[in-house]
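Following: one structure in structure tokens, then a few remarks.
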Amino acid sequence: MRVVILGSGVFGVASAWYLSQAGHDVTVIDRQPGPAEETSAANAGQISPGYAAPWAAPGVPLKAIKWMFQRHAPLAIGLDGTSFQLKWMWQMLRNCDTRHYMENKGRMVRLAEYSRDCLKALRDTTGIQYEGRQGGTLQLFRTAKQYENATRDIAVLEDAGVPYQLLEAKRLAEVEPALAEVSHKLTGGLRLPNDETGDCQLFTTRLAAMADQAGVTFRFNTAVDALLHEGDRIAGVKCGMRIIKGDAYVMAFGSYSTAMLKGLVDIPVYPLKGYSLTIPIAQEDGAPVSTILDVTYTIAITRFDQRIRVGGMAEIVGFNKTLLQPRRETLEMVVRDLFPRGGHVEQATFWTGLRPMTPDGTPVVGRTAYKNLWLNTGHGTLGWTMACGSGQLISDLISGRTPAIPYDDLAVARYSPGFTPARPQHLHGAHN
């Protein structure tokens, strides 16, 4: 089957890899000169299924009001003048209750756990290197309340069969030795030993090279003008004067998927702006070993080989990609506070990207009302975590194979009134 994939970020490339391995003739189209040039370029670098959770959570509306008056707030809102943004925020607000939070988190953990298994299998099969580490991740608490609230997430982890360790402050240095110097600032942490880290751009670039060798065609520097349709099928992709045709099409344009699908499929995917710093290592014994997630500021600090990646924050401001100095100062403040000897912060590279986010936090992966159009977008801040599993899922569905995990509630149809999953829903996913 000829499959055309729109987008060469980690989702487009992962989809291309798995589809090519399934025997399909795959073409990838992207306006950029190479893979992973946008959202996949400099994300936080964590592969953390256990921390998979929607931003729409109990208490977030009140916190959002408080954050409006804080200098180092993890969330900021700026009206972009569109009714779509207002509708999206209203939908997000409706998901900020315990029932929706647990349901959405369950979906996210299921896909994320499966995705990590797929990544491991890919790594074992191909030997792909991407400065990855399998040292687990550590969520840090600065208040007693944060430590107590961890029990809510632990319930979901236990239901999903995810190993964890709840650590008091004095034990944090057992897994991250450099934290011994700042343990007095912390109340404890939640460690997930099975989580991983890695450079998403490096992974995507190398997987794209492997896919190219396997026969995948990459059409870079190619802007897509429109999807053409005839009846209930997509007829081609218009790129300037050229029309590229296939038997099946996969939309993996990230935040730009919504506009490209306008008039065809309505998806509630909105850009969530995030920032990162990439910092050269200064002192080895003062740097993190794996990934730290500071709950107070929702900022991740990740160790690559000789670099530290500091990423986080969320701005609901549309497609504005301006690099704001106050956001850089927040990232610098957190990494200096936790790892004062770790990196040469003054030499850091500052970056921003737009994560494609749904109001319920769960990505949109699966079929549409068009018989040959599939979606792989909306993964928000967990794109790297969910990439391989989503690519394998798309490949299975297009190939007519039964996926290894329940998938009906990941498709766009879940936003339709009266939607009921066709398969029993549970959290165990890849553990079945």
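Glycine is no exception: its Cβ is also placed from the backbone N, Cα and C atoms.
Features as listed in Swiss-Prot:
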BINDING   3-17  FAD binding site
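Locations of recorded Swiss-Prot features on the structure.
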residue	record	DSSP (3 states)
Val3	FAD binding site	strand
Gly9	FAD binding site	coil
Ser15	FAD binding site	helix
Residue among binding-site residues Val3, Ile5, Val13 with least C-beta crowding, 10 angstrom cut-off: Val3
Other CB atoms within 10 A, centred on Trp17 (FAD binding site): 25
